[in-house]
Amino acid sequence: MNPLALMMFLISLAIGTTITLSSHHWLLAWIGLEINTLALLPIMTKTPHPRAIEAATKYFLTQAAASALMLFSCLISALQTGEWGIDTPPELTVNPLSLALMMKLGLAPLHFWLPEVLQGISLSTGLILSTWQKIPPMILLLQTSHSINLNLAVTVGFISVLIGGWGGIGQTQLRKIMAFSSIGHLGWIILILKLDPQLSLFSFILYIIMTTATFLSLIILSTTKMHQISISWSKNPALTTTAMIALLSLAGLPPLTGFSPKLFIILELVKQNMIILATLVMLASLLALFFYLRLTYIITLTLAPNIYGSVITWRTITKPHLAAAIMNIMALALLPLTPTILLM
């Protein structure tokens, strides 16, 4: 793709997100979401492959349906109340509006488009789809969290955690595994949205940091399949090690960064006397832990089959990547700073 065109589309992405984040009017928020969607479509099809075209088509149809439902909910509310402000969310149509935003995020049971779309696009575009594109709908959900239906949020959150773990177990494609990982993490965030919006925002920021670190590692290693990442150790031992630890951080194991949001979410659920729900969510997250541990095992404890005397690529010279280094450090070492971050 022409660098000038790519820069224009990325600027459009930033403008769409900024419009949504700074708007106090539902129509402006909807316009920002539409600019975001339309700016990403050409980036998704920058490699003119049938899979990329199919992924872009699925993404467009899904986002268009969610946008139509969102606009319909806001119009019905404006007709009844005469209010368009985000500060006064539509009381009558809050459930359809919440479902539309959850559909844009790719939460279960409206998640079917996300693994297929992520599988059909490049890793760099998948990074944008898994992080940047989640910001506007999530911020809108946070702004309307006080009026969201608790039963809806808890149900969607629990189903997403379950599907996120269950769907990723049998996958061999890393992009699909990251898609199901995204579904599971967003399920944890939505689960606590009504009870503690600040904790949801904290968990969402850590989700973006950990996902960015993992995607940047995969981009540098040029791996999209399990069998490719199993032989990446000989090419870049240091980055393969940090990628493995970043996966364990995504799994939520202590003492890594990913442990803190899960710990605080479980503590909040227990504080709200939702002990059964907390137990079920922890059990459901064990499914996701299985495929993270399987990836870790493949990366570190297996050797690729080699014929005796074959030439093995060993420690090729790689350029330093500052962004990947910073994100990996943050994905691994933010747990001790969690109390300070929460106080801020």
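Glycine residues also receive a Cβ, built from the backbone N, Cα and C atoms like all the rest.
Copied over from TrEMBL, here are the features:
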type: SIGNAL; residues: 1-16; note: signal peptide
type: DOMAIN; residues: 23-287; note: domain 'NADH:quinone oxidoreductase/Mrp antiporter transmembrane'
type: TRANSMEM; residues: 26-44; note: transmembrane segment
type: TRANSMEM; residues: 56-80; note: transmembrane segment
type: TRANSMEM; residues: 92-114; note: transmembrane segment
type: TRANSMEM; residues: 148-170; note: transmembrane segment
type: TRANSMEM; residues: 177-195; note: transmembrane segment
type: TRANSMEM; residues: 201-224; note: transmembrane segment
type: TRANSMEM; residues: 236-254; note: transmembrane segment
type: TRANSMEM; residues: 274-293; note: transmembrane segment
type: DOMAIN; residues: 289-342; note: domain 'NADH dehydrogenase subunit 2 C-terminal'
type: TRANSMEM; residues: 298-317; note: transmembrane segment
type: TRANSMEM; residues: 323-343; note: transmembrane segment
Rank 92-114, 148-170, 236-254 by Cβ pairs under 8 Å to the transmembrane segment (177-195) and hand me the top one.
148-170
Test of understanding: applying the rule of at least three C-beta pairs under 8 Å (pairs 6 or more apart in sequence), is the transmembrane segment (323-343) touching the transmembrane segment (274-293)?
no
Need a quick answer: max count of Cβ pairs under 8 Å to the transmembrane segment (56-80), which of 26-44, 148-170, 323-343 is it?
26-44
Integer average pLDDT (0 to 100) for the domain 'NADH dehydrogenase subunit 2 C-terminal' (289-342):
74
List, by number or range, the same-chain residues at least 6 past the transmembrane segment (323-343) whose CB is under 8 A from its CB atoms?
198, 202, 206, 209-210, 212-214, 216-217, 220, 239, 242-243, 245-246, 249, 254-260, 264
Mind checking which residues reach the transmembrane segment (148-170)? Cβ under 8 Å, same chain, six or more beyond either end.
94-95, 98-99, 102, 107-109, 111, 115, 141, 176-177, 180-195, 274, 277, 280-281, 284-291
Same-chain residue ranges lying at least 6 outside the transmembrane segment (92-114) that approach it to Cβ under 8 Å:
33, 58-59, 62-63, 65-67, 69-70, 72-74, 76-77, 80-81, 134, 137-138, 140-141, 144, 147-149, 152-153, 156-157, 159-160, 162-164, 179, 182-183, 186-187, 190
